[in-house]
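Enquirer: Below is the structure I would like to discuss, written out as structure tokens.
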Amino acid sequence: MTDRIPGVRHLIFDLDGTLVDSAPDLATALNGLLAEFGKPALAESTVRSMVGDGAGVLVQRGLAASGLADADQPAALKRFLALYRDCLIDRTRAYPDVEATLERLQEAGHKLGICTNKPYDPTLRILAALKLDRFFGSVIGGDSLPKRKPDPEPLLAAIERLGGSAANAVMIGDSANDVLCARAAAVTAVLIPSDYGNPAEDADLKLARFAELPAAIARLP
Ligand SMILES: O=C(O)COP(=O)(O)O
Ligand SMILES: [Mg+2]
């Protein structure tokens, strides 16, 4: 019943582009896949712009951009996930101030969760490797439920598993998918823009830096 403690919020975070910069390793895996098809590597900035709708869509976009739209997509996704597993945290890092800010939010009594479109298994591995897993009481990945963001279901599940409710929750993310799923779930949306794909037009609150979160959360009505 943490939901009833005044000032305590259920804060649900997006992963890629919000907590961690994972594009370099996603690019390594995608380019490894393309190399197996005899195709040249895509620029990391191109891969970065393709991230945000889950691994399946990333692979689909990468294949299409390389003239391989007709390739066997399920087989390519399976191979991509195997390649990604081998390079998950070679260069993936938490953004500056993320760990210290999560610590402050947790110390303030907030309950923290994750709602990402990245599949569940690599999400857990990355959180553990970067020692961020200790902060999160719920983790919903892109393949945890039948639907992913911008559908509201994964966000609502992440909140529910923390013992919270939409009225007291906040979604913090970097893309339109995060804002759209928050809107559809009637959850407050905080946007911290990134250079990943699918930027959002608006949100309830827009922050330039992750470290601004504790003060911004404290000021929410
Ligand atoms: O598309 C992905 O793999 C992940 O995206 P997200 O963490 O920003 O939801
Ligand atoms: Mg994101």
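Backbone N, Cα and C atoms are what each Cβ position is placed from, and that goes for glycine too.
Pasting the relevant annotations from TrEMBL:
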- Asp14: active site, nucleophile (ACT_SITE)
- Asp14, Asp16, Asp174: Mg(2+) binding site (BINDING)
Enquirer: Rounded to the nearest angstrom, how far is the Cα of Asp174 (Mg(2+) binding site) from the Cα of the residue listed as 'active site, nucleophile'?
Expert: 7
Enquirer: With Cβ-Cβ distance below 8 Å and at least 6 positions apart along the chain, what are the contacts of Asp174 (Mg(2+) binding site)? List them in sequence order.
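Expert: Same-chain residues close to Asp174 (Mg(2+) binding site) (Cβ under 8 Å, separated by 6 or more) are Asp14, Asp16, Gly17, Thr18, Leu191, Ile192, Pro193, Ser194, Tyr196, Pro199, Ala200.
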Enquirer: What's the number of neighbouring CB atoms sitting within 10 A of the CB on Asp16 (Mg(2+) binding site)?
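Expert: The Cβ of Asp16 (Mg(2+) binding site) has 26 Cβ neighbours within 10 Å.
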